[in-house]
Every structure is written in structure tokens, then in C-alpha cells.
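First comes the structure, then the notes that go with it.
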């Protein structure tokens, strides 16, 4: 088989295989997009299967969110917007129940995440899960707290706008854990340096410290946050965390002095007693027994008779965590000691007991406690220590907590900026973890503040939700339809309106002269707010409602429901402890608070102002929402209490949110995602759509039979109004899949059999190809061996006459010589290099060398210009005369001879005198007289037949070339020359002695014109010349350092000249 047909055949096979493999690869990838993974750890259902690898974007793993629709009957929908009966609260809760039963704790309401506390650890928070959600679009993967975190982070990076995440829900719903997961996600996925690593660690370690001082065990939650927290995390332009700031709201200070049955005080008290070292406890005057402290065992209904220890809480281990966290955050040992002194002082203050004296006066019966108390917080008088114990304890703990938050903020601050999110190139993500709406059997002022806060947040939530919906519609060119919703501004005004609101009435009642009472406050409310539709009291209620409202209660009708509040309260007295030696207390209690004459603000006003600042902060950011739900009160995993969940759904306003979200279009998706999923349902879009995406979606929906009122096409998205339309499309896709699977199986079987056939065929082709290559290789080896054999034998017989044994070697020698000569011939006429020929080519080499040189010489001569030829002829004459004879000759070789050294200095009279004889050369010379050797300047002019000495336009002497006998010069560098003429000729004077700077040039030109090349004499010692008839003169030449001319003793002319080339 020839080589070329085989290559062409293999190339055709390769083209066929690659085209077929690409088609099969596309089919496999498309099928894998919908194939469930039974090994998923997230959820065993179809819609939460493990992500399949797909090509595109950044090469990350994607999961299509809409795949949940295929299993909606079993696990519900993962976006409540897709509920068909979206106005039914029962359908809403049933969807939650189904997903909770499948361990799917997260569900969307549009962009809002609803989280149900599972009360157990789920394997969905690993680093691998963080990477899975990193950089993935919000709806491309199943709902998760990481999806909200990543979407918020990417929005901050791309839009350069501050973001915030609002986490709400009642105690035990998982708000604190949700905020922890968000911080852990940012700490793991954000870029970080050594300095930023410190900030990251402080952000994470601030949680255990705040939980120790602000969290407590309640009936609903073993780690319940008893304060509201807003944390800002600051990021630089690279997206790395560089700082943070925390705002705290409404710490439950009443828990310090009183807890409900089965609840505990704040964690820090038990952690200190359980985990503190014995020496430290002794110094603080404490014992390792929580039952000895009145504030820790004030109420107890446990079987064992004590509540401090809880099986799910390890106070000793938590104490170590808190101590380590305080060090990481940057607390000094002195500050930690002062802080623990305050905690101990609160416990001692709680053990202070009172008794009645003989005269009815009140006396303190536990003086040892006062001793420890005075030691902990500084010297206090007996009267100051007797002041309102519980109010003092709450004030001390509350302000110490505020100082603690401020200290943490100092450690998290970036460049000494405690709260600065608008300067520079940094951006901020805020986390709000605050109480959800609360309704108890007895609701006090604290529940009122909590519900007021939720009322404001609900108002903000509805406004921002409608705003984002309207902006999306306008961006896509869809007509915005106004949405009717309940505006709870009427309730907010009921609470905060100036002069008429609840808080204004409370301030006025608390600060008026005289002794204020709860009943007078209630009467004032009835007089001012009696006609308000959302305010009811026992006196104002009708017969049926009056039974549910007590005489010392009032009812507010919130957006989430009706709540009865009791007006029974107590006036908290702030004790004067500004003079304390404790550094923390001296910072917490300012002396100006006592001496100032300014009217103090009530707690309600302070909370209203701080809430207004919080709303202002949230309005300046782009919000995201996490709504946390507690499935049961028993903290049991897998248990779903519908009544309790319905209560929370109502109080969180989830149904109102869903109704606002569904007022327009229930479903919207980008064209590429929608077309990629459903293109198999239309022959016009399957398998690939080549035109514009909008045209492809329009073709698809027309084929599916969508009615105009069921959808709208925006600029980049399709909007579907009814979930039923989407479900019908999803069902059609589900029915289409068996046919697609059958096509795929058929294609795979065909490919497999064809691949088997091609493997067999390729094996035959490869065998033939390998045989052909082996035979070709063997032929090359045999040929090479024969050549080597001939070469060796020829080398042995190389000195013999030409014979068969040396014939190949001699031919190779001739060939090598000739090729060497061809590749490296002489480059110029001066290049005398020539390769050494073999003996058989010696004569031929000589002929070739001669011919080569002749050829180069002829080529060189043809290239020479006439001027340059004349110059070289003169140089040749000079070389023949002076080479190795005169010292100044080597210096004259590189200097060109010129036509004249006088330029245009010829005198017109001289030219007229010469007549037709043209001057061919002229030079300035010095003539020495024959008698006295006086130097006289002259010009030597050379014509074609004679030479003339000219002085001042007069012809002094003419020397005919025919009369010139010879020319004499010395061998030195003196420049003297003697022109010898016959003394018998009366027309000629005696010999002429001349000196010239260009003696070689002058002598060469004169000898050439006079044809006296052989009449140039070069003398080394002296030159004799004729002075007059019968008389001679002598010029003696000697070597010296410089040129000198002088007259000698014997009448000789002495010339001293430097000798450059001594011989």
C-alpha cells in the first residue's frame, strides 16, 4: 500500500469519528442536565440533586433551579411564587411541610429566603458546598443561605453599592446561626492577606463574645439572642474584608434580675462560675456553685431543683472559647479583669438582702456582700449601696454590654474609622439579626419595642420589594401595574407621631410633675388615641372584644395580628456610680448625666431614635432578606407544628410578601436559560437555535401555544404570569424525555458498534502501516551499510590508481572538494585562501584557482571608475619608487593624491603666460638658493611638457621634462627633493632644491608626466647637486627628534629629520 492513500484514508476516518463524538458528547451533556443523582447528600430528590458539570461561564458546576418542578407533588416548589394557589395560607404551609420533611430547609419567595430550623446538623455547610455556590447565579442552584450570601457579595463587587442582609424571626428560629453561616462563607471564600486574616478572625471571634454576654437559654431556644444586632462588614476594592462595626439594640436587661420558669440568665455568669480558675473566683469573691446566687436561681421548676446546668450547653468549654476570643479581638488583661469584676459585682448585688428594723426602717442584712461590692466597683457609701438593687444591676450590666460592643468595634475599625462606608473605594455588607414579631400571654414594654421595630422593618420591606419589582419591569420594558397592599404606615404613625403618638404620650406622662401611674397613662392613651382604628382598650372595646382585653391592657392591631400589652411597669432608678474606680464603669456612667439640666430621654424615645438611624442605614443599602421559622417549641428534629408555623408565617408577613411578588408575573427567566431548558419541545429550536435569543423564545412559546395574556417578552427575559403555564410546559418536557432518552440510547448503541468496527479496521490498517514502515526502515539500513562499506574500502585504497575498490571514495573526495569550493569561494582579489585539493585534483585545482582569480580581477577592474583607476595607477608608481625606500611612504598610502594643492590660487597673468599649456598640478614649495641656501616660497606648476617655478605672478624658472635628468630625495621624512638639470644648457639654470609637505605625491606626478620613473634616486646620507658650472653643493641628512634645516661649516646644507621606519 502506498504511503499517500493510507494517510488520506486515516484522515477521513479521523474526521468521521470526531464529528460523531462531538454529536454524542452534546447529547450526553444535555441528558446529564436532567438526570438525577441518587448519591446526593443535599437531598435525595430530583430538584436538589448534585450539580452536573457543564461547559460554559467559568467552568463551574451549575444546577438548574426549575428542575424542582418535576418533583413538585412530592417535595413542593422551591419558590413560593410558583404556587398555584398563592393566596392560600394552607397551601403555603403545606409547601413548607413537604420540603421540611425532605430535609429541604430553604425556600425562596422571589429573592427572599425562608429558612426553617432543622434542630440538627445537616451536611450542607462544608467548604465544598461554599465553592459550589460561589459565583453561581441566584436561581441556577437550589435555595441556600450561601446563595443569598454570594449574590449579595457579587452585587456589592459589580454594582459598587453597599448591601445588607436582614435576618428576622422569633427566638429559636435560627437567626444567630444564619448570621454565623454568612460570616463563615465570607471568611472562607473572600480573598485575604495576613493583615486581613486578623480582621477576619476578629469578625468571627466577636460572635462567641457577644453570645456569652447577650445570649441566654429560654424556653424556646438554648442560645437565644436577647438583643438586636446590626453588623457592617467592610470590604476593599479587591473584595477582601478589612473592617467591621456592630450596632446593638434593645438588650433584655430585665433578664439580669428576673427569668421566666425554666430559663437562665446570660451565659457569661455560668461560664465564669464553671470555667474560671479557682484563684480568679476567690479574688472575685465567688464560689463555683450557681445555686448560691439569687440572680441565677431566682425561679426554678426543674425536677432537680436547679436550672443553671443544661445538657446541651457546656459552660466550661464555652468559657475557654470566650477567653480565647477576647484575646484575639484585642482585649488587655486589665480590661478583662475589670469586665469580670463587673460580672461578679452584679452577682454580689443580687445577693444583697434587706430587712426591717425595730422602728420600721429598711436595713441591709447581708453586709459581707456590700464589702465585696465596694471592692469590685469602688468605694460607695452605705446609702448608695442601699439604692434600688435591681435597677442598679440592670444599669450596670446594660452599660457594660454597650462598652463591650464599643471595644469590639475599636478592634474591627479600619484606619480608625468606626463607621464609614461612604469614603474611599471600600464597600459594606450589613447583617441585621433582630427579634421577630413576638406575642406572649403577657406582653410588656420590651415586646412593644420589638413589635414596633418589626412594624418599621415590614414597612421598609414592602417598599423596597415593590421598588425592585418596578425597576426590573422598567428595565425589561414591561408595563408596570400598580399593586394594592396593606400600608402599615398608619400603625407606625400611631406609635411614633409627634405629640399624638404612643411614644410621645409615654414621654409626656413619665416626665410630668408629680407621681406618674400606669392607670393615668392608660387614660391618657384613651383620650388621645381613642378614635384610632388600630388601638383598643377595655373601656373602648365592644362587648365581644372587651372580654379579651384586661382593664390594665391596651391592644394594637399590627400588620401581623392583634397584640395585648400591659401597662403595669416600674420606674427604673439610675444609681449614681460615676465615682467608681473601675475603668469600665467610669466610662459607662458619665458624671455629666447627673449634673446636666437637660431633660433626659425615655427608653422609648431612645429606641425610636436608634431605630430611625437603623432604617436610614438600611435605606442607603440594597437589601436581601432571610426569614427564619421555628418548626416546633420542643426543639425536636423532624417535627412540624402547623399551628406554630402558621403563627410565624403571619407575624413575619410572608403571605403579604408573596402576594406583592405575585401581583405581576409569577415566573421570569433570562432567554438563554429558558431556551436551553425547553428547546427540545419545538422542532424549530431543537437541537440548537442559531438566531437571536428573543426570536428563539418567541418561536418556542408560539409552538407551545402560549396565549398573549399568559406571558410577556422583555429585553432579556421572558415573563410568565401563571404558574400553571409553567407547570404545563414542565410536564410536556417530562413527557418528552423518554423519546429523547430512546434517541440517545439508539445513538449510543450505534456509536458503540461503529467504534468496535473501526477499532478492528484500524487494527488491520495499523498492522499494514507498521509493516510498510518496517520494510522502509530495513531498506534504509541496508543502503546505509553498503555506503559505509564502500567508503571504508575506498579509504584503504585511496593511494592506488582508480579501481572499483576506491572509485566511490575518490568520487566522494572530488565531490566534497568541489562542494566546499562552491560554498566557500574566495571573497575578493585579496583573499588568497583556497581549499586543499585531493591528489587527483591538484592540477585541476591550480587551473580553477587561476581562472577564479582572473575572473575576480576582471570583475573588479570593470567596476573601477576612471578617477579611481588614475588614482590607483599613481599609487602603483609611488609604490614602485618609494616602497621600503622612504620613511614617510607608509603614511602616504591611505592619503589620496589630488589634482592640485593650490585650489584656485593660479594667477591669471601666469596662465596667460603659459598660453596653451594647461596646468595639470600645482603645489606650494620652498626653494633654497644655491648660494646661501635662503628659503624662498614658490609655486611648482606641472604641465604636460615642463615644470615651472612661480613667484608673485612671475615665472622664475622653467624646467623642460626633456632636460630633466633625474630627481633625488632622501630616505627620511624631510620633504626635500632636488631636480637635476644639465648645467651645459644655457637655457636652464643649475639644479633646483625644493622642500614640500607632499613630496611623495609631487615626485610621483612629476616622474609620471616627465616619464622619469626610473630616474628617481633615494639617498640615505647626502645629495649632491650642481650650484654653478663646475661647482657642486651638498645636502647632508641626519636623523633627529624634529625637522631642522641649517647651513653647515663646509657650505653644506644640514637637514635633520625624524626617522619613522629605521632600517
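Residue positions begin at 1 at the first shown residue.
Glycine is treated like the rest: Cβ placed from N, Cα and C.
Your range for region 'Actin-binding', going by TrEMBL and the list 588-610, 611-633, 634-656, 657-679, is 611-633.
For the region 'Actin-binding' (611-633), same-chain residues at least 6 beyond its ends with a Cβ under 8 Å from one of its own Cβ atoms are 96, 100, 109, 111-119, 145, 148, 151-152, 155, 159, 161-175, 178, 219-220, 230, 247, 249, 428, 430, 432, 436, 452-453, 456-457, 460-461, 464, 639-641, 644-645, 648-649, 652, 654. When the neighbouring Cβ atoms lying within 10 Å are counted for each of the binding-site residues (169, 172), the highest count belongs to 169. In the structure as shown, the Cβ atom of residue 176 (ATP binding site) sits within 10 Å of 23 other Cβ atoms. When the region 'Actin-binding' (611-633) is classified with DSSP, helix, strand and coil residues number 9 helix, 8 strand, 6 coil. Same-chain neighbours of the ATP site beyond 169, 170, 171, 172, 173, 174, 175, 176, judged by a C-beta within 8 angstroms of the site's C-beta center, are, in sequence order, 117, 221, 224, 225, 436, 628, 630. Taking Cβ-Cβ distances under 8 Å and a sequence separation of 6 or more, the neighbours of residue 175 (ATP binding site) in its chain are 167, 168, 169, 225, 433, 434, 436, 628. Other Cβ atoms within 10 Å of the Cβ of residue 173 (ATP binding site) number 25 in total over all chains.
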